[in-house]
Amino acid sequence: STPGGGDTDNDVGTVTDSNTADNTISENAEVGSVVNITGLAVDPDGDEVSYKLSDADIAKGLFAIDATTGVVTLIGNLDHEVADSHSITIIARSTDGSISQESFDITVTDADGSTPGGGDTDNDVGPVTDSNAADNTISENAEIGSVVNITGLAVDPDGDEVSYKLSDADIAKGLFAIDATTGVVTLIGNLDHEVADSHSITIIATSTDGSTSQESFDITVTDADGSTPGGGDTDNDVGPVTDSNAAENTLSENAEIGTVVNITGLATDPDGDDVTYALSQADIDAGLFAIDATTGVVTLIGNLDHDTADSHSITIIATSTDGSTSQESFDITV
C-alpha cells in the first residue's frame, strides 16, 4: 500500500496557479512578500497533496512555498538589473506517492534604483551599540538560554526597521545566539573558563534599506571553581541510553514524514539532573531521522527506500546538565 493509503489508479493532477494575478514582483519587495503564485494540484481520489520547490530553486534562496497552501513567497533580495525574471518549479506530491510538477515564470519589475524594503539609503543604519549597561560577564556554568548582558542596538535615521545577526564565525562556534528583532544575546553552548576566559562576538545590524553596520563585543567568562554547566554533580554521570518504546523498530519504506519510528531514547542521571537527547552528527547529515531533545522520541524526516537500504542505524546521545554524556546505537528495519 502507499503513503496515506491512497489509490494510485488516479494520480495527482497537473499543478496550476490558482492565483489569477500577474506573476510580477518589484525588485524592492520585502522578504515575505507574496509572489502571486499559488500552486494547486488535485488528486481525484481525495488524497492530500503537499507542495515543494525544486532543489535548484531552494538552492537559489529567492523563493519559498507553503507545503500546505501552495502560496509562494519571497525569501531573498531581487535585482532587476541582474535578472528581470525568474522561473520556479512547483512539485506536488500526493499521499498516494504520485507527483506532478510545473514551472512558472516570475517577472521582476524595475524600482528605479530603490532598495529592498523601499528604504532611503541617504541615511544608512547607525553604529551598533550595547543598550544593556550591565557588565558583559557570564559564569562558566551558566545554563543554556542565559542572557549574556549584551543587547545590540542600531538605529536607522530614516525609521527603517533594523534586524540583528551574529557573524558567520560566531554562528559556527555555537556558543552564542542573538534575537533578530530585540538584539538580545543568549548562551547556546557550554563555556569553560579554563579553556577560554573570554570570547568576542560581532553583531551585524541590517536595515531594510540594505545598509549594514557591525561592532564586536567582549564577553568575560568567570571561574565557577570546577562546577559544571547547569550546576550538576559529576559524581553520578548520566546512565546508559535505552529504548523505552517496546515496539519493534520497524518502518515501512512509504511511511510519511513525521512518522514515529518506535524508538524513544531514555537515559537517567541519578542526581536528578535534566537529560536532553540528540542524534550523532552523521545521523543528522544523513537527513532521515530526527529526535525530540526533550522526549527522546525519534521520527522520520526523509524518504526511505527498501531497495536502497533495508535497515539504518542511528546513534542517540544523551547529555545531562552536569555535562556527562552517554550514547547507544539502534537499528531500524525498513
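Glycine is treated like the rest: Cβ placed from N, Cα and C.
Remember, predicted model here, so these are calculated numbers, not experimental data.
Feature annotation from TrEMBL assigns region 'Disordered' to 1-23.
Residues annotated as compositional bias 'Low complexity' in TrEMBL: 11-20. Sequence-distant contacts of the compositional bias 'Low complexity' (11-20) (same chain, at least 6 residues past either end, Cβ-Cβ under 8 Å): 36-44, 47, 49, 51, 70, 90-94, 96, 98-102, 104.
Residues annotated as domain 'Cadherin' in TrEMBL: 17-118 (among others).
The domain 'Cadherin' annotation in TrEMBL covers 130-231 (among others). Mean per-residue pLDDT, taken over the domain 'Cadherin' (130-231), amounts to 87.
Residues annotated as domain 'Cadherin' in TrEMBL: 243-334 (among others).
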